[in-house]
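Engineer: Pasting a structure here, questions to come.
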Amino acid sequence: MIHPLNKLKPSDLLVLCNDLSKISKSFSCEIIMFIEVDFKCTLNYISCIGTNKCIHLSQLCNGVYDCSDGYDEGVHCRELLPKCQQMNCQYKCAITRNGTRCYCGDGYETSSDGRSCTDLNECNTYGSCSQMCINTEGSYTCSCVEGYVLQADNRSCKAKSEPADRPPLLLVANSETIEVLYLNGSKVSARTPVKGSAILTLDYSYKEDTICWIESRDLSSQLKCTRITKAGKLTDEWMINIAQYLHNVQQIAIDWITGNFYFVDHVSDRIFVCNQNGMVCVTLIELDLNNPKAIAVDPTSGKLFFTDYGNVAKVERCDMDGMNRTWIVDSKIEQPTALALDLINKYVYWVDIYLDNVEVVDYEGRKRHTVIKGRQVRHLCGLAVFENYLYAVNSDNFSILQINRYNGTDVQSLTRLDNAKGIRVYQKRTQTAVRSHACEADPYGMPGGCSHICLLSSNYKTRTCRCRTGFILGSDGRSCKRPKNELFLFYGKGRPGIIRGMDLNTKVSDEYMIPIENLVNPRALDFHAETNYIYFADTTSFLIGRQKIDGTERETILKDDLDNVEGIAVDWIGNNLYWTNDGHRKTIAVARLEKAAQSRKTLLEGDMSHPRGIVVDPVNGWMYWTDWEEDEIDDSVGRIEKAWMDGYSRQIFVTSKMLWPNGLTLDYHANVLYWCDAYYDHIERIFLNGTDRKVKEKYCLLKIVTVDTVLLGTHPCAITYCF
């Protein structure tokens, strides 16, 4: 059965077919996709109808049938000749079946008046020269940068082999090994000893003769490196212990100037960087990232490029320290999955596996051009650029492709490697060297004078110092210190579940605490300042746990009979933990912070719809909690209740004009209670004596604890006071 549903995406069609097949086992469907390939003739050429053949305008109406269907000749040649003569073209006039037009000789283009000719700047045309281009009157000349030699075609540049016994190589991540190939696809004679598991990505530092890759093993992943000899043999394998979780990392890029590693975590939706020994890692970008994929760096220009196709498909650029972030491609793009940079021309190439094409723009997002489109480049999962060619991996048949980036019809399959994924071209000129840079070690051995990690910023001569988790940058911009003011913000989010903290007194979002990872849905949080414990309820995992802000002493303190914990609160005077349970039994319970399982006690049960946020005031002996109703008609059913901290003297505190109260926090100094209503999308406050209730427009001294949003996005769901 064939459905002409040409307006649906292939993924939508597959879902439709699968659903229909489930309904009827006798049903089968076939999806036929016709991909329209863009084809355009160059200046002063025209295509024969229905073909990819181009003929020069001078071949029109010359008495010779150059198109197989005779499109270039006919009675129109005689009928339109007088009109052509009247146009008074400076060079020549062309007669087509649709009319007449002037054209110019090689090296010139028609002016705005449609008849006169002006010099054509060929240097503005993609591919005129493979590197440097100088426009001249009626022509142009090409040249090459240092280290390359101009070829006989006077357009192409070929890299010098320096030294002569080190030819360019292809490095291919091949699932269980790293293959080393010559550019023609043949294997280097020396066998490679690297044997791993699920090797998906790799990169290298030419000056260090080092190749590094991410290797997955069971539930953990490791960063491993090896030396590469002049003969292409891989030796002396070692592991770098990274202070971050790498299991969700599928893309890596090495800053070959500083040695820093850049990673894309496609599950946590963030980009982070670690120093050369892996001891210091900092998050660069995590906001407005929904499905990051590819990453590439140009440290000589101080630029980091990455792709994302979550809410908005785009190619982005920022400085190497994560600043000055900007979109360079955000239209006519669907699923960009691989990146490669031409460091000389400042070009960004990307693969779009949905549109089946490879495109290019310059670093500013201009001069966009489609290199190749169609069936030949379907499902590419890796990309590299060298000289006139792109090298890519086809994930359908695992073939290694060589694509002429200036002539999209020149595509060759070099070889096949089962389970091939990532690809790099290993050659000296692919990683531009610099004599000195801003992150060089000072006399005390600190890169760029930075205490923890030095990042190049807008170019290799400027740098930014960052600090490891739990430290902030000093006023000198180099040293790192523990913050004197312990005011900090921490938040939890799902997909994946993680709890992070950041200092509120710095301009950059330095992480205050070691993240609490491997969670599912951290719905409720609180902090015990005396012990530095973060307490959390992982609702989906049905547990309450804790971890210190330095990452130590992670443990589960309660596991049984926790149906749906929506709020927790630490009593720092009595050293107790209170929580709401919105499961089959609607309860509020308490337990000691130490030996919680042996000391838990239910304080209140029943007469609640959906108990959510909870906060305690141990100085005055009260606890407050919210009860969330699901009635969108009656806005008087939501409420905030209070009771003594032993559960007695229960009473309604606030109930009018409230529907989904979903979080509480106390300003203990001002005796003010704050809450957020997820139905009305606002935050309110009231004094503890029940007076002066107001909707707050400014949100000061509030820490957001939310699954989906941070810093008061849509539908705030919980807030906690930081002190």
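Along the chain as shown, residues are numbered 1 onward.
Each Cβ is built from the backbone N, Cα and C atoms, and glycine gets one as well.
Please treat TrEMBL annotations as automatic predictions, because they have not gone through curation.
Residues or ranges marked as domain 'EGF-like' in TrEMBL: 119-158. Annotation source TrEMBL lists disulfide bond at C123-C133. Summarising the annotation, TrEMBL assigns repeat 'LDL-receptor class B' to 302-345, 346-389, 532-574, 575-620, 621-670.
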Engineer: Looking only at C123, C133, which of these disulfide-bonded residues has the biggest number of Cβ atoms within 10 Å around its Cβ?
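Structural biologist: That would be C133, with the most Cβ atoms nearby.
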Engineer: What is the pLDDT of the repeat 'LDL-receptor class B' (575-620) when averaged and given as a whole number?
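Structural biologist: Mean pLDDT, the repeat 'LDL-receptor class B' (575-620): 91.
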Engineer: Taking residues 6+ outside the repeat 'LDL-receptor class B' (302-345), which of them lie with a CB under 8 Å of any CB in it?
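Structural biologist: Same-chain residues near the repeat 'LDL-receptor class B' (302-345) but 6 or more away: 131, 145, 253, 255, 262, 264, 269, 271, 284-285, 289-296, 351-355, 359, 361-365, 368, 380-385, 390, 392, 430, 432, 455-460, 462-464, 466.
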